[in-house]
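For reference, the structure I am asking about is given below.
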Amino acid sequence: MAASTASHRPIKGILKNKTSSTSSRVASAEQPRGSVDEELSKKSQKWDEMNILATYHPADKDYGLMKIDEPSTPYHSMIGDDDDAYSDTETTEAMTPDTLAKKLAAAEGSEPKYRIREQESSGEEDSDLSPEEREKKRQFEMKRKLHYNEGLNIKLARQLISKDLHDDEEDEEMSETADGESMNTEESNQGSTPSDQRQNKSQSS
């Protein structure tokens, strides 16, 4: 019986029928205006915005942000308000390779200023030390310079390596010439008679 009632019902589609939508419009037009306002008031929600502001955005809430109470860094303008003091690059002309090479050549023999200051300050410190401590300090500084002077160490290592290679080449040449001479003597010994070999042995001993 359930199968027979299901077959008598019309199948409803997914799309709305034009007749059903027009009938609902007609019905809504026939209703008085007051009932429409009641329906809208039932469907809509009213928000208490002041309550929301008080709940979600209270005045004392910090939202996890840090408050920095320290004063901002003061700005100090340059000492000397001369226009020339602002930039040296504006007044200087472009550096040419020739002038740069001359300056480098002139500065090559001189030590940097910071090293001169270090030597002056170390001289003042040395006056407080005993002669033994001065000698110990001098030896330490010399060893430190030797240890950290990598350029000199690399040059020395290259010289030693080239010297070793040159010595090895000479040894190989000498061994090759010695091998060649021994082979020549062996060949000559093989070509001679046993009596000649005995004479050669007696002469060599």
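Even glycines carry a Cβ here, placed using N, Cα and C.
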If you check Swiss-Prot for phosphoserine, which of SER21, SER121, SER195 comes up?
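With Swiss-Prot as the source, phosphoserine is noted for SER121.
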Based on what Swiss-Prot says, identify which of SER35, SER41, SER72, SER87 is the phosphoserine one.
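In Swiss-Prot, SER87 carries the phosphoserine label; others show none in the record.
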Are there residues at least 6 beyond the ends of the region 'Required for binding PPP1CC' (12-17) whose Cβ is under 8 Å from a Cβ of it, and what are they?
none
Calculate the distance in Å between the alpha carbons (Cα) of THR73 (phosphothreonine) and THR96 (phosphothreonine), and round it to a whole number.
41
